[in-house]
Amino acid sequence: MTIYETYMQRCLQLAALGGGQVAPNPMVGSVLVYNDRIIGEGYHRVYGQAHAEVNCIASVRPEDRHLVPDSTIYVSLEPCAHYGKTPPCADLIISQGIRKVVVGCRDPFEAVDGKGIEKLRNAGIEVMTGVLEKECHWINRRFFTYHTQHKPYVLLKWAQTADGKIAGGTNERLLISNAYSNRLVHRWRSEEMGILVGTRTAQLDNPSLSNRLWHGPQPVKLLLDMDLKLPLTARLFQDDATVVVFNTQKHTLEPGTVFPLQQTGTYYYQLSKTEPLIPQLLHAGYQLRLQSILVEGGANLLQQFIDSNSADEVHIITNTGLFAGEGLAAPALKGFTAVQQQTLDKDQLHYFVHQHHPYFPYHS
Ligand code: AOF
Ligand code: ZN
């Protein structure tokens, strides 16, 4: 690892501390280094508040202040160039007299998108880019997918038996998961902006789609129910979360509605019966500003995401001690590689994470 990578690694550690607090903004970390000594550290802590660079520079002790212009600032994401909820970080760096900036990766957000780096260079600052670029991109993969591909980052999740079944012979529920995996699933839910299920799953399993076993934010519940078959007595409607029902009959979301909404409740989003489903769902997710969606079933919906090459990551919980024999087969994965396997309890529950391009270890 080069010295630049070492300090960028520190930026990434700091950035991760903003997890769960800053979405839909990216997680960003920054360090200020004078003569191989860190004199300042900061990260984007809370959505709408100070950016990483601001916190980093503010953290410098009074006795080190005079060292700032001769220090190098490291940032895991390009410093911003725009007036958003806070003034541009590029301006702050310039006003501090800092002469060298090391950037992890470019910010794809259209108000920035290279303009921060350009602003710094125009001010005569030396800017080095692309240090641990893949890692910096990975930590904000939801934000990047949303801004560059104009769709949410899609994660699929299911639980299966040792012989690859997700339901029993007559579609009956199998007790595949346990307390460990239930809590893990609730954590996964809290990390995404939306959770999607199809009608049959909602009818047969009657899931709450809540994350009550974890302390993170509750994502928007997304129900695919083209013919509005699910009764409002279903469990997923019973708490005060926001639900969006994708259907072919009615639309109650005002144009321009974006998440997070001020008011919770149940909203209807109308889709076309004739257009392909998955692109419509991805477009709706983008329009509603959902940067990520966790799809929890059923098998048919999951398979449609896989077949249309629209899934970015797959999480599978496997109960290696349970064999179903007859039953509903788990979706068939194509073009994915397992990048992580973890044992969930001492005997039989394991979980696997699959991705398309596993270029470095999974950390989440
Ligand atoms: C940075 N450093 O720590 C972060 C940046 O609404 P605002 O003002 O908070 O701006 C949000 C945008 O700023 C966000 O979409 C992303 O492009 C950038 N985030 N930039 O220089 C940071 N969090
Ligand atoms: Zn900024």
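Just so it is clear, glycine is given a Cβ too, placed from its N, Cα and C backbone atoms.
What you see is a predicted model, and the numbers here were worked out from it, not measured in a lab.
Taken verbatim from TrEMBL:
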ACT_SITE  GLU53  active site, proton donor
BINDING   HIS51, CYS80, CYS89  Zn(2+) binding site
BINDING   ALA159, THR201, ASP205  NADP(+) binding site
BINDING   ARG189, LEU209, ARG212, GLU296  substrate binding site
DOMAIN    2-128  domain 'CMP/dCMP-type deaminase'
Which same-chain residues, if any, lie at least 6 apart from CYS89 (Zn(2+) binding site) yet have Cβ under 8 Å of it: HIS51, ALA52, GLU53, VAL54, VAL75, PRO79, CYS80, GLY116
THR201 (NADP(+) binding site) versus ARG189 (substrate binding site) - Cα distance in angstrom: 17
Fewest other C-beta atoms within 10 angstroms, as judged across HIS51, ARG189, ARG212, which are the binding-site residues: ARG212
DSSP-derived helix, strand and coil totals, residue by residue, for the domain 'CMP/dCMP-type deaminase' (2-128): 45 helix, 28 strand, 54 coil
PLDDT averaged over every residue in the domain 'CMP/dCMP-type deaminase' (2-128): 97
Pairwise Cα distance for ASP205 (NADP(+) binding site)/GLU296 (substrate binding site) [Å, integer]: 11
Among ALA159, THR201, ASP205, the record's NADP(+) binders - longest CA distance, Å: 13
GLU296 (substrate binding site) versus ALA159 (NADP(+) binding site) - Cα distance in angstrom: 9
Annotated binding-site residues CYS80, CYS89, ALA159, ARG189, ASP205, ARG212, filtered by Cβ under 6 Å to ligand 2: CYS80, CYS89
Contacting binding-site residues, sequence order - HIS51, CYS80, CYS89, ASP205, LEU209 vs ligand 1, Cβ under 6 Å: HIS51, CYS80, CYS89
Cβ neighbours of CYS80 (Zn(2+) binding site) where a neighbour is any other Cβ within 10 Å: 25
Candidate nearest THR201 (NADP(+) binding site) in space, where candidates are the binding-site residues LEU209, ARG212, GLU296 and distance is Cα-Cα: GLU296
Near-site residues: NADP(+), ref ALA159, THR201, ASP205, CB cutoff 8 A to centroid: TRP158, ILE166, ALA167, ARG173, VAL197, LEU204, PRO207, GLU296, GLY297, GLY298
Neighbour tally for GLU296 (substrate binding site), based on other Cβ positions within 10 Å of its Cβ: 25
Beyond the site residues ARG189, LEU209, ARG212, GLU296: chain residues whose C-beta lies within 8 Å of the centroid, for substrate: VAL185, HIS186, ILE195, PRO207, SER208, SER210, ASN211, PRO219, LYS221
